[in-house]
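Student: Input: one structure, supplied below.
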Amino acid sequence: MGNRQSIAGDQIAVPTQETHVWYRTFMTEYPSGLQTLHEFKTLLGLQGLNQKANKHIDQVYNTFDTNKDGFIDFLEFIAAVNLIVQEKMEQKLKWYFKLYDVDGSGSIDKNELLDMFVAVQALNGQQTLSPEEFTNLVFHKIDINNDGELTLEEFINGIAKDQDLLDIVYKSFDLSNVLRVIYNGKEPDTEADSSKSLDKAGLGKVKMK
C-alpha cells in the first residue's frame, strides 16, 4: 500500500499517503492540535458515564497520551489509529496489557483485571460471564506459575492461544467503527444516538462461544 513511516516505537504507521487525510481531519476538529479528555469522550459518544465506566475511558485516554501532558496530539492520535487498524496481534495485546496494568507495575494482578472488566461491564451492559468469572477464568488458563499475577509474556501467549478470551479482550474497547466515521468524513447517525452510542464505539455485548 505504498510507503509507510514510523510514528511511535516499533509500530508501523498507516500508509504515508493517508496520513495527511488524518492530519487534516484532526486539525479541523482540534485547531489547537490537542485533543482533551472531554473531546475524546465526545468523539466516542460516551457522555454521562458512571464512575467505573469513566475510569475505564480515562485509562484508555492515558495510554494514548504517551508523553503524559494531559492531551492527545496528532502523533499520539495517529499512533492510536495505527494500533487499531494494523493487524499485528502482538502489538494490540501489548496495548491491552498496558491498559489493564493500571499501576504500571509491569504485571496484572486479579484486582486490576477485575476492576477493568467491572468498568467494561458498566459500558457494555450484562455479559455472559460476570467480571469475577472472567477474571478467574483468565488466571486459571494463563497464569502459568500460579503466582496471582500475569506478566506481559503470560498475557500475550495465553490470550493469543485462546480465541474466546481474545474476542473478549479485543471487544472490551474497539474503536474501529469510530475511526471509519472519522476517516470517511461522515457524521454518526443522529437518530437514536443515545441508544446507539456504545455500538458506534464498537462496544457491543460480548458472548463466550
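Heads up, the Cβ atoms here are built off N, Cα and C, so glycines get one too.
Feature annotation from TrEMBL assigns compositional bias 'Basic and acidic residues' to 188-199. Annotated domain 'EF-hand' per TrEMBL: 52-87, 88-123, 130-165, in sequence order. The region 'Disordered' annotation in TrEMBL covers 188-209.
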Student: If I take every residue in the domain 'EF-hand' (52-87) and average their pLDDT values, what number comes out?
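Tutor: Reported value for the domain 'EF-hand' (52-87) is a mean pLDDT of 85.
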Student: With a Cβ cut-off under 8 Å, give me the same-chain residues at least six positions beyond the ends of the domain 'EF-hand' (130-165) that come close to it.
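Tutor: Hits for the domain 'EF-hand' (130-165): 89-90, 93-94, 96-97, 106-110, 113-114, 117-118, 120-121, 208-209.
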Student: From the DSSP assignment alone, can you count helix, strand and coil residues within the domain 'EF-hand' (130-165)?
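Tutor: Tallying H, G and I as helix, E and B as strand, the rest coil: 24 helix, 3 strand, 9 coil.
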